[in-house]
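Engineer: I grabbed these lines from TrEMBL:
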type	residues	note
REGION	9-76	region 'Disordered'
COMPBIAS	24-33	compositional bias 'Low complexity'
COMPBIAS	39-49	compositional bias 'Polar residues'
COMPBIAS	66-76	compositional bias 'Low complexity'
DOMAIN	123-171	domain 'TM2'
TRANSMEM	129-146	transmembrane segment
TRANSMEM	152-171	transmembrane segment
DOMAIN	200-241	domain 'TM2'
TRANSMEM	200-217	transmembrane segment
TRANSMEM	223-243	transmembrane segment
DOMAIN	260-308	domain 'TM2'
TRANSMEM	290-315	transmembrane segment
DOMAIN	335-376	domain 'TM2'
TRANSMEM	335-352	transmembrane segment
TRANSMEM	358-377	transmembrane segment
Amino acid sequence: MSVCQYRTLARMSTEKETLQRRSQPVPGEQQAPPAQPPSGFTPNPQGANPNGHLPPPLHGANLPSQPQNLPQGGYQQQPQYIYPQVPQYVLPQNPSLSQQPPTGYIPYNLNHPVMFCPTPAPKKSILEAYLLLIVLGLFGGHHFYLRRPVWGILYFFSFGLLGAGWLIDIFRLPVLVSRCNNDASQQNPNLAKKKHLDDAYVLWFPGGFLGLHHFYLNNIGLGVLYLFTFGLFGVGWLIDACLMPYHVKKANSNIPDCIEKSTAATCILAVSPAGLLGAHHYYLNRIGFGLLYTFTFGIFGVGYIVDWCRFPILLKRYNKSKETGHTSHKHLDDAYLLWFPLGFLGFHHFYLNRPVWGLLYMFTFGLLGIGWLIDLCRMWKLVENCNKEIDERVHLTRNNRSVANPNYIQGQYYGNMPTTTVRGHVPVSYGQFGPCPPGYSNPNPGIYPTQQNGYGAVHGMNEQPPPYEAASIPTKGH
């Protein structure tokens, strides 16, 4: 017998054992009654199908090698395992329960936003706040109680701002308690960021010498400057006593510092000793004047004193230049400030874009003082001529860009574009690919401006008329 036959017999015996195991009843399980044939069905007593043929043997039966006599009734039907039926859920037959919701039922809308109302914080008591102020006020206990942790930490490390803040808090504690309860009831995060005038004055004395009030008002630059100059040698600290309401108002406004400079900051830097080093000029982005003040000690003190009166003009000029975007104009007050006492060295000519005259004045000491005196009377004319040249230069630059690129928009950078003419015509646009006309050299191979037929055009190029035509030279006969 071959190997395949052995494998077939083994598989058949395995299947037979499986069928016998399934046919055995499970202990403890109730046997299902035998299936009854349907009505009208007449079984074949001989076990044959309607065609008269015997049914085939079951798959996996151990067939004998030799045919044997079959029993009288044919093959007996093997018992089949019947799986227990699971009872199905039947819906209620009452239409009133299946179609209508119960009484008092409110349908829930899943698209409706869910509103969560936070639990309001408990209100603070004035009695408890005063108790903490008396016992632990020097260590900021009442500020921790009133949800002011930054102030509590500051009081803890400065011993109540050297006792001055603790003494002031005795009189303003009801205001602090009322403010804390109002902020907790309204649940508005913007109220927590609002700056208050009383807090600013508490930090101003005596912490203003270290710039604490400027740090509180988000003036980080002035705060650092006060920290290293001890309140601009006390001058800035005194000025802030009068300008504190303005500082608080600006801190609560929504005007960014990068767009508009502060009047108070300009005044402090100009009047304080830092103005001798040009601090207000650095603040207003006048780097040239700032360096000049630094190396000449405020132009020997003259410019420092003059800036006490003209710092509002400098501030207004800076804010206006930021709006218009034009900062290259020269000003008569700056020119006169350079004329005295540095006019003998030609500093006002260097400022007015006249470097040759500046060098001449430097080596001749202002043309032996004669040119220096004459410039006192003609300074306004020099400034006017300089501004005219600046305006013409800007106008020509814009025209060249608009001619080279018809889609030019002011304020947008287009790079360096050529503005050469071809046969008296200004090119309309660049970037067209094509051969160069005979007799002309193309500096950029493969790139040539577009022209119109009839104006020295090349066949196959984009037909666009030039924006204007060069003036023709008249002949003698006309």
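The backbone N, Cα and C atoms fix where each Cβ goes, glycine too.
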Engineer: For the domain 'TM2' (260-308), what does DSSP give as the number of helix, strand and coil residues?
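Structural biologist: Counting residues by DSSP class gives 40 helix, 0 strand, 9 coil.
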Engineer: For the domain 'TM2' (200-241), what are the same-chain contacts with Cβ under 8 Å, counting residues 6+ beyond its ends?
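Structural biologist: Tertiary neighbours of the domain 'TM2' (200-241) are 158, 161-162, 164-165, 168-169, 247-248, 250-251, 262, 264-265, 267-269, 271-274, 279.
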Engineer: Could you pull out which residues elsewhere in the chain have a CB under 8 Å from any CB of the transmembrane segment (335-352), counting only those six or more residues past its ends?
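Structural biologist: For the transmembrane segment (335-352), the far contacts come to 296, 299-300, 302-303, 306, 358-362, 365-366, 369, 372, 375-376, 379, 382-383, 386.
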Engineer: Mind tallying the domain 'TM2' (200-241) by DSSP state, helix then strand then coil?
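Structural biologist: Result for the domain 'TM2' (200-241), in helix, strand, coil order: 35 helix, 0 strand, 7 coil.
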